[in-house]
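Everything below concerns the one structure shown next.
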Amino acid sequence: MHAVEVRNAYKYYGKAKDPKIVLNKLNMTVSPGSIYGLMGASGCGKTTLLSCIIGMIGLDGGEITALGHKTKANEIQKAGHRIGYMPQETALIGELTIKETIYYFGKIFQMPMNKLRERYDMLHKLLELPRDDHRVEDCSGGQMRRVSFAAAMIHEPDLLILDEPTVGLDPILREKIWNFMLNVTRTSKLSIIITTHYIDEAKQADCCGLMRNGILLAEDTPTNIISRHEVDNLEEAFLKLCMRRGASEDAVQNDAIQGNESSSRNIERMDNLEMIERPHENKSATTNSINHNNNIQNQNHTTSQEQQQQPQLFKRKKYAWSTIRALFTKNYLQMKRQPAGVTFMVIVPILQIIFFYLAIGGNPIGLKFGVVDDEVNYNDCFNSSLITTIAHDDSCDLHKISCRFIHEFDDSVAIKQHYKTFDEAFHDAKRGKIIGFMYFASNFTESLDTVQREGRDADDGSADNSRIQIYMDQSDLQLTFFLQSKFYQIFKNFTQHMMADCNLPLKLGNVPVNFEKPIYGSYDTDFKHSMAPPMIMVMMFYIAAGLTVAIFIADRKEGFWNRTLLAGVTLKEMMLVHILTHSVVLILQLLETIFLIAFVFGAENKGSNIAVLFMLMMLAYSGMFFGMLLSVECNDLREANFVLTGIATPMVVLAGMFWPLQGMPMFLQYVSYCMPFTLPSIAVRNIMMKGYSFFDPSVLIAAAIVTGWAFFAILLGLQGLKRKKYSRNT
């Protein structure tokens, strides 16, 4: 049994009609207990081939067998725990120390602790790694590659795949690593595939593969390749092969242009050319492989049959506690060593709550409102002798009533700006210097008295002049509504004070509509308490989503995600640990939010605290799973943030946070009811302000919706992860 066998591997990117071919009917064989050196320029397909071998990428044609198991696209193969993989990128977490990093991989491979210590000490000495507590982020590029190499070797794999491991290393250390690999393949069953740019070091490999433009030009021992092409070194042989291949490709392309053949015919012709060249090479490679296997047997190497019968040192178990603990420790150490990030996660909810309660619901101050009183000079309004009331048995004489109303309008509502003429006030209102102004006619008091005495017989002039004329800037409706409500209250106070001065019952000054004691709440209930539930739910959702997006995309971009999955860790294990780790953060954020709104800003909860906590936690989990989905579907953090921001705006608007749902078109109301914030925020408001229990039908429906969103998000996220399990950035 071969360690790796690739047959007719075909892989392309782009559209099938115009493919960018990366692997073109490639065949490759790696013998057990040997070093296979794969050479080729950047972009020739080496990394893609390795990714297909370990199952990160699927082929569009052909098949690959590794350690007796066929690899499948986007799926951890059964032999995954027997494979060590070192990508081009270091694919490490900078916050971890060197020892923590290597121990992490040993634990997820479920190595016994004594064996892990032994292997770590050996690799630490061999690779001349820095001290144990040295952080990866503080290592040089060469040191990081050595740590990455140790992480791939720690569990004594049967197949080691190294993607340019010696780039940037000291020549002496590079030679030392090669000597180690040569020795370990001679004394164990380990097979190594190593890609390299250094043709001189590939001479030490048992077998070399020369790759160009997705085609394996030659596959044989370095000595045979050199002798066959009658050159002095591998570099000249590689150059000769490339020139021969280039001439063949040019001939095919010229034929295609002349005959107007399709791209598929070109590929077929190139394949035929390769098959013409390969028989001699394949025969030589086969002969060499037989000789090499005989040498391995003479050196007491393990045969293919013995490999199948020999039990593995570490057989990975599903849901092992050591794996869960390693993942949890990794997450904990990452958070612990990012104090700025942890501080941000703790402070953001606090700041948002504080800013919300300080910015929302307060009465506007500093407004300027104009007053034009043609009845009385402004200074005369302070002369109490002019503002008199003479009560009779059946009547009451009031003087300068406009001054009474102006006195009721105090500066707590708006700062009064007095104008001599209507035109001056109107001009300043047009320029935005005042938000509006009130106007009293010169005969306001007399006209009001006439209307009161004569009723329907009063002339139109008296009816018009008896009104307080108010001109408002309606461009800012919130300020307008605030002032209108204040004017209603001022007028009520104004009429009641006149009734009192005339020794009349105060009720006579009331309008015939009376608002009784509210069923829930009070007339002085702060607007912020009504708006707080949807705001808190939106905050919990998007903080959880943003945190998950940042962590998942960072792990996937750095390649650490891929290495963990290739070690055999399942998606369920990774998701479980992520949920457990960030549940701690979510609970902390939730507790500090509840503490602030309840004990600092005085929000009262008349219902069940457990029901409120359940709603908020489920919404936070919905955000977490939604963030997981975005991290899978988006290529980078910028794209994910754009999508998250774009989705946030319509969801918040439709939640009824800024305007009642009843003001929306009916079809939009139904859409709103399906949003994760709408009914849950209404339910939380009803629980806190009305005392609803968790088993109230409206609360149960909201709980079902928020729970449904959580399950819907996690199902989509898991499906996305299964579809795009591995990041394509490595």
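Cβ atoms here come from the backbone N, Cα and C positions, even for glycine.
Automatic prediction, not curation, is the source of TrEMBL annotations.
Taken as a whole, the domain 'ABC transporter' (4-238) shows an average pLDDT of 87 in this prediction. According to TrEMBL, the domain 'ABC transporter' annotation covers 4-238.
As annotated by TrEMBL, region 'Disordered' applies to 283-314.
Per TrEMBL, compositional bias 'Low complexity' is recorded for 286-312.
Residues or ranges marked as transmembrane segment by TrEMBL: 340-360 (among others).
What TrEMBL records for 488-724 is domain 'ABC transmembrane type-2'.
TrEMBL lists 535-554 (among others) with the feature transmembrane segment. Distant neighbours of the transmembrane segment (535-554): 345, 348-349, 352-353, 356, 561, 578, 582, 585-586, 589-590, 593, 597, 615-616, 619-628, 630-632, 634, 636-637, 640-641, 644, 648, 651-652, 655, 657, 676-677, 680-681, 684; these residues of the same chain sit at least 6 beyond its ends, with a Cβ under 8 Å from one of its Cβ atoms.
What TrEMBL records for 574-603 (among others) is transmembrane segment. When Cβ-Cβ distances below 8 Å are used as the criterion, the transmembrane segment (574-603) is approached by residues 324, 327-328, 331-332, 335, 345-346, 349-350, 353-354, 357, 528-529, 532, 536, 539-540, 543-544, 547-548, 551-552, 564-565, 612-613, 616-617, 620-621, 624, 628, 688, 714, 718, 721 of the same chain, each at least six residues removed from its ends.
With a threshold of 8 Å between CB atoms, the same-chain residues lying at least 6 positions outside the transmembrane segment (610-630) that come near it are 536-537, 540-549, 552, 575, 578-579, 582, 586-587, 589-590, 593-594, 640, 643-644, 676-677, 680, 683-684, 687-688, 692-694, 699, 702-703, 706-707, 709-710, 713-714, 716-717, 720-721. Annotated transmembrane segment per TrEMBL: 610-630 (among others), in sequence order.
The transmembrane segment annotation in TrEMBL covers 642-660 (among others).
Per TrEMBL, transmembrane segment is recorded for 699-718 (among others). Under 8 Å from some Cβ of the transmembrane segment (699-718) lie the Cβ atoms of residues 571, 575, 611, 614-615, 618-619, 621-622, 625-626, 628-629, 632, 673-674, 676, 679-680, 682-684, 686-687, 692-693, all in the same chain and six or more residues away from its ends.
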